[in-house]
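Taken straight from TrEMBL:
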ACT_SITE  Lys100  active site, for sulfotransferase activity
BINDING   Lys100, Gly101, Gly102, Thr103, Arg104, Arg181, Ser189, Lys305, Gly306, Arg307, Pro308, His309  3'-phosphoadenylyl sulfate binding site
COMPBIAS  1-22  compositional bias 'Gly residues'
DISULFID  Cys288-Cys300  disulfide bond
DOMAIN    91-330  domain 'Sulfotransferase'
Amino acid sequence: MAGSGGPGGGAGGSQGAGGGPGTALRAPRAPLLLAALVLGAYCLCAYPGRCPPAARVPAPAPAPAETPRAAGNPGAPALPVASGPGRRRFPQALIVGVKKGGTRALLEFLRLHPDVRALGSEPHFFDRCYERGLAWYRSLMPRTLDGQITMEKTPSYFVTREAPRRIRGMSPDTKLIVVVRNPVTRAISDYAQTLSKTPGLPSFRALAFRRGLGPVDTAWSAVRIGLYAQHLDNWLRYFPLSHFLFVSGERLVSDPAGEVGRVQDFLGLKRVVTDKHFYFNATKGFPCLKKAQGSSRPRCLGKSKGRPHPRVPEAVVQRLRDFYRPFNRKFYQMTGQDFGWD
């Protein structure tokens, strides 16, 4: 992977350039400064996205025909209905996780369906922007006609402790979709994404374990996200299992039509998106759309999808497989699905 000799190397070189009094005394601080800069950049990359700007949302009609309240929450403030065709509604379905599992691909595949209207960006409402209120959240949504489904996806919801309670407060009938992937592969993919934005990070091994190959560091988000059973435990305090659909990230690559078909069934939609919509891109290593939404041309996801993974020693991979195995088996029992990661 590129990057190990990127910005970090330049910073170190500039500290040593130029002679003069005091240069030798300042030099020992360079490694500390470099470490601080790398750590800070890593935190910024790992932090969830910002709230979408409210300024780009059209103002609601001054005299709405009706003012529904938040579904399942009689005490919520009245929400005016926007003018124009259709209405802005709360999402009936959410893709709540997980990061680097295939959520963007699933959303783009579902947007081919004429009865699905989805927000393209991740609003991060239930984890970072909740204080802006339900009216603001609903104003972000695309307008829908009767019979259409409003959706959004924010993968960090699945690992946010407050998200299930907040979503239930919006509507206890919300359908929840979780795209899961082998947690070891997912963690490496997560690291690859961060490394592409922050060259000079410590190695995957150094971040995943304490003291060499000591205990697995569950404080690192790339590891913690893969503890699916623990996160699901929190969600089941607020929603029954019947409200969830667990999509295999691996099968979303090997059989996209089959997995998207299951999602359409779960949402109560006719199976409109089928195998005729997909082709496999050997270069990227995953399926692409023969015809993207609103276009007659084929489309693949962006360059950030399908990026090569860094090489991770087999001993590191095996240690993580052993670590995740009991969590995976509990997850299989909880969901009634064997994802075949062991």
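Even glycines carry a Cβ here, placed using N, Cα and C.
Predicted automatically and left uncurated, TrEMBL annotations should be read as such.
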Same-chain residues at least 6 apart in sequence whose Cβ lies under 8 Å from Cys300 (disulfide bond): Asn281, Lys284, Cys288, Leu289
Nonlocal residues around the residue listed as 'active site, for sulfotransferase activity', in sequence order (Cβ under 8 Å, 6 or more apart): Pro155, Arg181, Arg186, Ser189, Asp190, Gln193
The domain 'Sulfotransferase' (91-330) [mean pLDDT, rounded to integer]: 93
Binding-site residues: Gly102, Pro308 - member with fewest neighbouring CB atoms within 10 Å: Pro308
For Ser189 (3'-phosphoadenylyl sulfate binding site), the number of other Cβ atoms found within 10 Å of its own Cβ: 20
